[in-house]
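*Asks:* Marked as compositional bias 'Acidic residues' by TrEMBL: 8-17. Taken from TrEMBL, the feature domain 'Zinc finger CGNR' covers 179-221. If you look up TrEMBL, you'll see 1-30 marked as region 'Disordered'.
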Amino acid sequence: MSVRATETPEEPGEEAQEPLRPATAPGKAAADTGLTLVSHDGKPYRFDPGALCLELLTTGGPGAFARHEVLHGPADLVAWADRSRLPGGLRPTVTAAEVERARAFRDALFLLAADRAHGRPLRPEHVEEVNAVAAGPPLVSQLTSDGARVWAPGATGAQLLSTVARDAVDLFGGPHAGRVRECGARDCYLLFVDTSRPGRRHWCSMERCGNRAKVRAHRARTSAREGDPGAG
Ligand SMILES: [Zn+2]
């Protein structure tokens, strides 16, 4: 599993979080993990879901989430791999069929992760889909004679998906499975794994939902004071 703690402390004054496990992307600086998403009001923000497999869930989803679909063709899956926490330099050859499989796998994984986050039992069809994709050969990395890590040439979309599915097996079958959560904002369905030591991560992003909650709480306090003649 590619776990890396978020760089941003969850609350002001809280100690910076330390990764519990080494990241699988040694070629990338810590600041490179996470994705830049854009809110419905057009503001970009950073979201680090904490694991590679959960990064795929930002590309769309089942049912109502289909309107956020970004995996339309092979180039879109290549672009996602590039934005993901996988080490850079991966240029997989992706077919249209692999993109279709990516969407089906992602939707199953989305529902599986949501079930886990809400303490519901995992559904067999979702587990079977993850296992079926994980059963294929994964991406291969190589060492060069000058000691650099590179991707083996000839990577395919199926290999990419297998690597993501294996990451899901490690996450949902591993010690952090109980730390998979949905953002605490009522109107936000982003899923993440809390890899912080204190385990109090509540928001997808402090920059986005954490900040919105702070603003709301401040407004509620202010209006409560104004409505109470005894206050002040
Ligand atoms: Zn959120």
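Backbone N, Cα and C define each Cβ position, glycine as well.
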*Asks:* I'm checking region-level scores; what's the whole-number mean pLDDT for the domain 'Zinc finger CGNR' (179-221)?
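*Replies:* Summarising the domain 'Zinc finger CGNR' (179-221) by its mean pLDDT gives 93.
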*Asks:* Can you tell me how the residues of the domain 'Zinc finger CGNR' (179-221) break down into helix, strand and coil by DSSP?
*Replies:* 17 helix, 6 strand, 20 coil
